[in-house]
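Sending over a structure as structure tokens; questions will come in a sec.
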Amino acid sequence: MAGFNRNLTLVTTLLIFHQLCSNVSCSTSNSFTRNHTIREGDSLISEDESFELGFFTPKNSTLRYVGIWYKNIEPQTVVWVANREKPLLDHKGALKIADDGNLVIVNGQNETIWSTNVEPESNNTVAVLFKTGDLVLCSDSDRRKWYWESFNNPTDTFLPGMRVRVNPSLGENRAFIPWKSESDPSPGKYSMGIDPVGALEIVIWEGEKRKWRSGPWNSAIFTGIPDMLRFTNYIYGFKLSSPPDRDGSVYFTYVASDSSDFLRFWIRPDGVEEQFRWNKDIRNWNLLQWKPSTECEKYNRCGNYSVCDDSKEFDSGKCSCIDGFEPVHQDQWNNRDFSGGCQRRVPLNCNQSLVAGQEDGFTVLKGIKVPDFGSVVLHNNSETCKDVCARDCSCKAYALVVGIGCMIWTRDLIDMEHFERGGNSINIRLAGSKLGGGKENSTLWIIVFSVIGAFLLGLCIWILWKFKKSLKAFLWKKKDITVSDIIENRDYSSSPIKVLVGDQVDTPDLPIFSFDSVASATGDFAEENKLGQGGFGTVYKGNFSEGREIAVKRLSGKSKQGLEEFKNEILLIAKLQHRNLVRLLGCCIEDNEKMLLYEYMPNKSLDRFLFDESKQGSLDWRKRWEVIGGIARGLLYLHRDSRLKIIHRDLKASNILLDTEMNPKISDFGMARIFNYRQDHANTIRVVGTYGYMAPEYAMEGIFSEKSDVYSFGVLILEIVSGRKNVSFRGTDHGSLIGYAWHLWSQGKTKEMIDPIVKDTRDVTEAMRCIHVGMLCTQDSVIHRPNMGSVLLMLESQTSQLPPPRQPTFHSFLNSGDIELNFDGHDVASVNDVTFTTIVGR
């Protein structure tokens, strides 16, 4: 009897538990039916435990919402909100399936505040949270029959697998609307979506006003984002459904190259689109790209009929009118207000009584983001496209765009941007008088210009002949220049340098050597005198008759280090005098030959000793300490103490040369930039440097400053102390030497980073302090990095208290394959000052 009672009690308990579970979610199921209710503390979890649905409260708020977020990611990252316009005021709300089969949210009074508001075939429905983050309401008997899904009702986040519908024929689109603020999920004033009335392109609106657009889709990329061709692994994986649905609808979707990655696009409350990837190693979101990211990406930044060019400084004029146009308000343009745009100098002649030969014509602009509001006509032939535009007097321009076809513009040409790489050619309609005049006078003008051209050509040939004759005579006299002449600082500067660098700068007192004298010193560039080779050309050892050894950098005709870098090095290094900077002895400029002559460094470069196990023993701790200090003093001289404020931009182990006494000398100033002393940073489109040494703001945004050199110096410190290359950690859990340093630091094991060759030295404290300083120098944010004056003080003052470094994130991003870089040379141990790697950010 007692046993029977115990069994009865157990059965009763199970029945009660079952009844409770019919009213609340007692498991981590990914679905629920009419018999279940999601209340406070309950949640749905996707099958792979990637996403979670439940109740949440935003930061700095007391209101409650139902949303979807990434499970096990902190801080909580919400990707969808149901009741964003009608929050719950307390914790008494519930999510359930109503009697009509709709998914609803009710408050404590059982009033519906949000509903899917569809008409299911029956009320036998089920809500399922898929591993893509999509919440679906479907038939419980046939789960292939979907009635509603969150992916079709997005808030501010676009996830891989989401299909964004647009119907150009009906002018319908699906917009992503950001939160009003980080604590208020209600709809903000911005929106992002596919343009429903024009070309298939992404647009960000501020109310009804456009803020940014991507340019039309050409079946591979959005034409206004040419970088999509170079960021294929993670950043872009867009696809367009083809053919359209019966009603004309098409769908954009995004497919990640690695389905295990968490990627998300979202639009911030301030109207900026961003893309992130979750870094599992450091458990942080890596920012991959954002739009608009430059001045010229802002919508119609320069006004109508004007082109914006980010490679130019804004103060000096990023904006320029198209040929044949002029500023509407010249006084505003003089004050750098370009919003008024440009207007035609001469009206078009279409449909007017014309003088023969005065018909309108076209001028071409290349590398352009095509204007907004273009129309696509079904022609794929350039001449046919031109004829279509020429016959239409309202046509302002045309372009034949690969993947789209013939596009014409009948409205004002707006939102044009020039790209360094990529872009399209657009043909602008101009009055015939702006294209060279009428046919009646064309023969006369051809004759006149031909005569003038022939005269000028003959004059140029004569001047060039006289110049080369004088130059050869000069160089012949200089064949016997000796190194002792150089040491005595005799002035051998002459016209070739003036021709090279121009009269606008002070010409350095730099000796010029003839090609024959350099060839003689290097044994006609003998193979046995070759010291090394890189993307720039070849380096040779040379000996003058007095016995003085030199190193000769002979630039090849195909050198990536072109005339500008050659000029840069002559102008900079010839003016700099410091014991920790390499000394330039002279140059050779003859015909197509460009050569630089340096003092010879018998121990060559730091990387040969640092990363070669057979030579590491030559660098004991005392010598490494002196090398670190010498480099720091050389950098401080460049940044603060020289006549010029110079940012090196390519500081690395292979550009640190070692003399006979192993004293370090910074070399290779081909990529350096001069700042004035009130300037703290600059921008560039052409990002140059070396993989593993580039600061995040420089690699990602083209912004560089003395803090960029500080970052490179920090990497160099860590390499010197550890004896390991920064890039040797690529593909590991740490991502880079910086990540490895942080890993050991956070676990209190910094000592393990010290090179075993010097680990047993009595100066371990000194080595650990260097690691600490290196980590401070490689912090992600510019404002957190010390300047070189502070760095030198930290190194030399062993008693001062150092601030703790911040956890790095950028190092892992660079090493994850998210950024693709062009390598113009191989990363090998260099010789003397000559091997360098130029990297262009892609």
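Keep in mind that glycine also has a Cβ here, set from the backbone N, Cα and C atoms.
For D650, the entry in Swiss-Prot reads active site, proton acceptor, with the evidence type sequence analysis. The ATP binding site feature in Swiss-Prot is assigned to L531, G532, Q533, G534, G535, F536, G537, T538, V539, K553. The domain 'PAN' annotation in Swiss-Prot covers 350-431. What Swiss-Prot records for 525-814 is domain 'Protein kinase'. Residues annotated as N-linked glycosylation site in Swiss-Prot: N7, N23, N35, N60, N110, N123, N304, N351, N380, N441. Marked as region 'CaM-binding' by Swiss-Prot: 614-631. Residues annotated as signal peptide in Swiss-Prot: 1-22. What Swiss-Prot lists as topological domain 'Extracellular' is 23-443. The topological domain 'Cytoplasmic' feature in Swiss-Prot is assigned to 465-842; the stated evidence is sequence analysis.
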So if I exclude everything within five residues of the ends of the region 'CaM-binding' (614-631), which remaining residues of that chain have a CB under 8 angstroms from its CBs? That is, six or more out.
579-580, 606, 608, 651, 656, 658, 662-666, 713, 716-717, 720-721, 723, 755, 757-758, 761, 763, 766-767, 770, 792, 795-796
Out of the recorded positions L531, Q533, G537, V539, D650, give me the one sitting nearest to N35 (N-linked glycosylation site) by CA distance.
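Closest candidate to N35 (N-linked glycosylation site), judged by Cα separation, is D650.
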When the number of other CB atoms within 10 A of each residue's CB is tallied over all shown chains, which of the recorded positions N60, N123, N380, Q533 has the maximum?
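The largest 10 Å Cβ neighbour count belongs to Q533.
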Among N35, N110, N304, the glycosylation sites in question, whose Cβ has the most other Cβ atoms within 10 Å in this structure?
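Most Cβ neighbours within 10 Å: N304.
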Taking every protein chain in this structure into account, which of the binding-site residues L531, V539 has the most other Cβ atoms within 10 Å of its Cβ?
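The residue with the densest Cβ neighbourhood is V539.
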Using DSSP, how many residues in the domain 'PAN' (350-431) fall into helix, strand and coil?
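Going by DSSP assignments, the domain 'PAN' (350-431) contains 10 helix, 32 strand, 40 coil.
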Looking only at C-alpha atoms, tell me how far N380 (N-linked glycosylation site) is from N304 (N-linked glycosylation site), rounded to the nearest Å.
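Distance (Cα to Cα, whole Å): 27 Å.
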What does DSSP assign Q533 (ATP binding site), in three states?
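DSSP call for Q533 (ATP binding site): strand.
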Enter the number of other CB atoms within 10 angstroms of the CB of G537 (ATP binding site).
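Excluding its own Cβ, G537 (ATP binding site) sees 20 Cβ atoms within 10 Å.
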What is the total of other Cβ atoms whose distance to the Cβ of D650 (active site, proton acceptor) is within 10 Å?
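A 10 Å sphere around the Cβ of D650 (active site, proton acceptor) contains 25 other Cβ atoms.
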Spatially speaking, which of the glycosylation sites N60, N110, N123 is closest to Q533 (ATP binding site)? Use C-alpha to C-alpha, please.
N60
By CA-CA distance, flag whichever of N60, N123, V539, D650 among the recorded positions is nearest to N110 (N-linked glycosylation site).
N123
Provide the three-state DSSP residue tally for the region 'CaM-binding' (614-631): helix first, then strand, then coil.
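Secondary-structure composition of the region 'CaM-binding' (614-631): 14 helix, 0 strand, 4 coil.
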As a test of reading the model: what is the averaged pLDDT for the topological domain 'Extracellular' (23-443)?
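Within the topological domain 'Extracellular' (23-443), the model's average pLDDT equals 87.
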Could you measure between G537 (ATP binding site) and N304 (N-linked glycosylation site) for me? Cα positions, answer in whole angstrom.
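G537 (ATP binding site) to N304 (N-linked glycosylation site), Cα-Cα distance: 46 Å.
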